[in-house]
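To keep things clear, I will list the structure first and then write my remarks on it.
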Amino acid sequence: MSDSAYNPGQDGAKMGFADAMSYGDYLHLDALLDQQHCKSDAHDEMLFIIQHQTSELWMKLALHELQAAREALQQGQTAEMFKMLARVSRIFEQLNSAWDVLRTMTPADYTRFREALGPSSGFQSYQYRLIEYVLGNRNPNMLRPHEHVPEVHALLSAELARPSFYDEVNRYLFQTLDGHTENLPAPRLDAPHALDETIQERWLKVYGDIDTYWTLYELAEKLVDLEDYFRRWRFNHVTTVERVIGFKRGTGGTSGVQYLRRMLSVELFPELWTLRGDL
């Protein structure tokens with residue numbers, strides 16, 4: 001065994017980057033790692049910032065996959081769509097794990113910098129709102145917090161003006177089963193998707209004959225899987241907030257834990273959950 005330190009360059013690894021793109025160059029790490037600006041001298045504020053910044057990065061990827069999945073469905077590329085939906089589920093699994101890190105912050109730790117946050121709040125995350133809009137939970141009232149950023153407001157408004165991903169799924173369902181979409185209920189673009197018996201009847205037909213309708217069955221289960229992880233993320237959000245601030249009002253003026261608990265009752269794909277009791 002040699003006593004000298006291993007030199008990867010001797011095995012052909014490139015060690016100098018004055019003339020080439022490095023890892024840091026490709027990822028723009030100089031800019032990325034310079035975006036954590038604490039407003040206080042509290043030690044745990046850095047954790048709080050990085051927790052939310054990394055969550056936003058994962059949500060950016062989730063949106064990238066969801067938009068591509070919607071396009072793939074419209075083009076009949078179901079295999080590609082399934083891969084994208086599976087990835088979104090894994091993204092929310094990753095986001096769920098991140099709460100474990102934030103839970104190491106105690107209420108006493110949080111109070112040391114909470115005032116520095118002002119009225120900023122996670123419920124103002126436009127990417128989270130866009131994910132909900134894409135999946136079908138559409139509340140036009142939630143546009144208001146983004147009026148001060150015209151391009152963001154326009155992005156969210158544009159999503160509200162088009163069918164959600166679940167609307168496209170149901171269009172595919174009716175087209176496959178009926179051969180047309182004449183009986184497909186018109187989607188409400190400006191309201192959360194509500195349970196519809198006509199849609200549920202079609203899904204029951206799928207679940208009653210999965211061999212014939214395997215692609216639709218697999219699609220439905222991919223959506224249930226996605227919402228399962230999404231619900232867990234919401235639940236972990238509630239328990240983390242309750243653990244850290246109790247039942248105080250949120251920094252954004254919401255009722256805090258009570259507001260988050262209300263969100264737990266929201267179902268993105270209600271027909272796919274309700275039909276389970278009818279099988």
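Numbers run from 1 along the shown chain.
Backbone N, Cα and C atoms are what each Cβ position is placed from, and that goes for glycine too.
With a 10 A radius on its CB, PHE48 (substrate binding site) counts 21 other CB atoms from all the protein chains. According to Swiss-Prot, the feature substrate binding site maps to PHE48, ILE49, ILE50, GLN51, HIS52, TYR110, ARG114, THR251.
According to Swiss-Prot, the feature heme binding site maps to HIS237, an assignment based on sequence analysis.
A distance of 16 Å separates the Cα atom of ILE49 (substrate binding site) from that of HIS237 (heme binding site). All protein chains considered, the CB of HIS52 (substrate binding site) has 14 other CB atoms within 10 Å. In this structure, the C-alpha atom of GLN51 (substrate binding site) lies 12 angstrom from that of HIS237 (heme binding site). The CA atom of HIS52 (substrate binding site) is located 12 Å away from the CA atom of HIS237 (heme binding site). Residue pair ARG114 (substrate binding site) / HIS237 (heme binding site) shows a Cα separation of 17 Å.
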